[in-house]
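Record features, source Swiss-Prot:
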type	residues	note
BINDING	His82, His84, His240, Asp330	Zn(2+) binding site
BINDING	His84, Ala85, Pro86, Gln87, Arg213, Phe214, His240, Ile241, Ser242, Glu243, Asp330	substrate binding site
MOD_RES	Ser453	phosphoserine
Amino acid sequence: MCAARTPPLALVFRGTFVHSTWTCPMEVLRDHLLGVSDSGKIVFLEESSQQEKLAKEWCFKPCEIRELSHHEFFMPGLVDTHIHAPQYAFAGSNVDLPLLEWLNKYTFPTEQRFRSTDVAEEVYTRVVRRTLKNGTTTACYFGTIHTDSSLILAEITDKFGQRAFVGKVCMDLNDTVPEYKETTEESVKETERFVSEMLQKNYPRVKPIVTPRFTLSCTETLMSELGNIAKTHDLYIQSHISENREEIEAVKSLYPSYKNYTDVYDKNNLLTNKTVMAHGCYLSEEELNIFSERGASIAHCPNSNLSLSSGLLNVLEVLKHKVKIGLGTDVAGGYSYSMLDAIRRAVMVSNVLLINKVNEKNLTLKEVFRLATLGGSQALGLDSEIGNFEVGKEFDALLINPRASDSPIDLFYGDFVGDISEAVIQKFLYLGDDRNIEEVYVGGKQVVPFSSSV
């Protein structure tokens, strides 16, 4: 007779689980049992030798255990802390200009098309499908200035089961493409409408995020009002900072009375412990100290920083200042929608900084793996809910099969000594793609392969 279990058990897996903790950048748990409640939370993760005890406690039979093959493993879902959903329409192209020219020539004209909800429906459906298929279980999305289209993005992420923050972009300055901006009053009013309608929907895993595009596209009045909206509704804030040198000089010219770029956001109520700022390539020590004091986060977007020749973020310096940091794809300045690409680029950028003697060491693959999972969850304030396989967290996970059909990975005899080796895990992180991601879970629910309803 087994004990009454609360909450009821939905899934039990036996096999290898790979995740990060704050003391260990990559922990490989071989031959373990993991149980998921029907509410999607992890209720146990123990060695398989404890099966009999767990079966009595949680009332499951051996036939209910799903056993992974010796070459498969689970890892936490990937967290994309910065991605522009509308820019997916031209991802993989048009990365031939520096940031400000790139925005004016490619980005703003593309985003203006999203005044059509039909365009939004098509592109947003595709970007959510594509990112989920590639293992992004949590995404922090920029939409456009169009409220209704941004609401469609939220609806689509909820329908597919992706965990997300969704932001309606705000910009009341844009002299170069004047048709793509709002008045200050419109931007504030539409942000309030966006937030109100999002909160009324009460999506379980999709939340609104206040989204001033960046300092060059927002007046002080707008920034201050957006900061107040975020404070009133206790919301997260996302924007960009110190992406390239030309941008930083333009901010100095536009707002000469402020000490630096960070000070503009800080003085206008936009730098809080619920703020995530993309890039930060050129933040000074003084600015990093302010980030740390405020509890604000940085989204490291190495593909975009390289593709647009913007800069090289020194992640070790950010971590030294105790600033929270995760990884972002930054589609479409970053040409890849894959967080695996972000992992690889982050390692390479760190290697370049070592080569140039900026640092005395580099980031390891294991440390970057942690940034893409647990680090990203912390940057978005979700580390008590997701990011690894700790008991009590929701089961956001990827089932990885390095031997999947048409896999880009070749495995050899030496890759296996009994259970899966760390070499196989590394091969997936460096060589793998969506063909190796056989199943994706968000909150305990399998969302990939996609159901017929989506």
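Keep in mind that glycine also has a Cβ here, set from the backbone N, Cα and C atoms.
Counting other CB atoms no more than 10 Å from each candidate's CB, the recorded positions Ser242, Ser453 peak at Ser242. Taking Cβ-Cβ distances under 8 Å and a sequence gap of 6 or more within the same chain, the neighbours of His84 (Zn(2+) binding site) are Thr107, Tyr141, Phe142, Asp330, Val331, Ala332, Gly333. Recorded residues Pro86 (substrate binding site) and Ser453 (phosphoserine) have their alpha carbons 23 Å apart, per Cα-Cα distance. The closest partner of Ser453 (phosphoserine) among the binding-site residues, by CA position, is His82; the full candidate set was His82, Arg213, His240, Ser242. Residues within less than 8 Å, Cβ to Cβ, of Arg213 (substrate binding site) and separated from it by at least 6 positions along the same chain comprise Phe142, Val169, Cys170, Met171, Ser239, His240. When secondary structure is read from DSSP and collapsed to three states, Ser453 (phosphoserine) falls in the coil class.
If you take the Cα of His82 (Zn(2+) binding site) and the Cα of Ser242 (substrate binding site), they are about 15 angstrom apart, rounded to a whole number.
Secondary structure at Asp330 (Zn(2+) binding site), taken from DSSP and collapsed to helix, strand or coil, is coil.
Of the listed binding-site residues His82, His240, the Cβ environment within 10 Å is emptiest of other Cβ atoms at His240.
Residues His82, His84, His240, Asp330 make up the record's Zn(2+) site, and a Cβ search at 8 Å around their centroid adds Ile83, Phe142, Ala278, His279, Ala299, Cys301, Ser304, Gly328, Val331, Gly333, Gly334 from the same chain. Spanning the listed substrate site, residues His84, Ala85, Pro86, Gln87, Arg213, Phe214, His240, Ile241, Ser242, Glu243, Asp330 have a farthest Cα to Cα distance of 22 Å.
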